[in-house]
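Among the features that TrEMBL reports, oxalate binding site is placed at Asn116, His121, Glu126. Look at TrEMBL and you will find His119, His121, Glu126, His165 tagged as Mn(2+) binding site. What TrEMBL lists as disulfide bond is Cys39-Cys57. Marked as domain 'Cupin type-1' by TrEMBL: 70-219. Among the features that TrEMBL reports, signal peptide is placed at 1-29.
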Amino acid sequence: MANKLSTSLLAACFAAAVLLALAAPAVLAGDPDMLQDICVADYKSLQGPLRLNGFPCKRPENVTANDFFSNVLATPGNTGNAVGSAVTSANVEKLPGLNTLGVSVSRIDYAPWGVNPPHVHPRATEVIFVLQGSLDVGFVTTANRLYASTVCAGEVFVFPRGLVHYQRNNGGGPAAVLSAFDSQLPGTQPVAEALFGASPPVPTDVLARSFQIDGGLVEAIKSKFPPK
């Protein structure tokens, strides 16, 4: 009886281990693994009723080298805005050959003293490589600990997936970085816009109590972030 119990317990433990091993890649991966050599995004499919987590593949005979090429990052972004920065993305929405590959890249340009405001990427870790200038950067963990540093041309910094982070040009000249992501579409959610520019709006009293400020001030901040 004891031997049968031991055998059953061992089998149960083995089954549990197998289930955990099979589940781990799905939990850890930023994007699903591809099942073929290429799966170039078929943008025309969005006109139909079918919706997928990503994009359907073009038929192989319709794929060309241009599906894997883009010059979208060649031109600096326009930093003449309130925050003094511009993000130019080369993700699956701009470069169809990235579909199912689980990677993308962006270029971020900064005016002197420009800021890329606090934001999160819900689907990806970000690594920046400084092309020009010097930046003060940082991210905040779920324990509310700030990890901050100054990075200069030729240096890199990592922002873990899903954590609030920012960058600030700390000099009187322009700055630029390349950002790499482990997702074809990492998503970006600016903190201020999410809270004060949502549509329909987040209730003023919720924000006033959360930030411990007057409702009139909340409305004044909301006026800076009209819903898109």
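Just so it is clear, glycine is given a Cβ too, placed from its N, Cα and C backbone atoms.
TrEMBL entries are annotated by machine, without manual review.
Of all the binding-site residues in the list His119, Glu126, His165, the shortest Cα-Cα distance to Cys39 (disulfide bond) is found for Glu126. Rounded to a whole number, the C-alpha distance linking His121 (oxalate binding site) with Cys57 (disulfide bond) is 25 angstrom. The Cβ of Cys57 (disulfide bond) has 19 neighbouring Cβ atoms from other residues within 10 Å, across all protein chains displayed. Across the structure, Glu126 (oxalate binding site) and His165 (Mn(2+) binding site) are spaced 10 Å apart at their Cα atoms. Here Cys57 (disulfide bond) is compared against the binding-site residues Asn116, His119, His165, and the shortest C-alpha distance is to His119. Using DSSP to sort the residues of the domain 'Cupin type-1' (70-219) gives these counts of helix, strand and coil: 22 helix, 59 strand, 69 coil. Of all the binding-site residues listed (Asn116, His119, His121, Glu126), His119 has the fewest other CB atoms within 10 A of its CB. The average pLDDT computed over the domain 'Cupin type-1' (70-219) stands at 97.
Within 8 Å of the centroid defined by the CB atoms of Asn116, His121, Glu126, the record's oxalate site, lie the Cβ atoms of Ser106, His119, Val120, Ile128, Phe159, His165, Gln167, Ser179, Phe181, Pro186, Thr188, excluding the listed residues themselves. For His165 (Mn(2+) binding site), the count of additional Cβ atoms within 10 Å of its Cβ stands at 24 [all protein chains shown]. Cβ neighbour count for Cys39 (disulfide bond): 21 (other Cβ atoms within 10 Å of its Cβ, all protein chains included).
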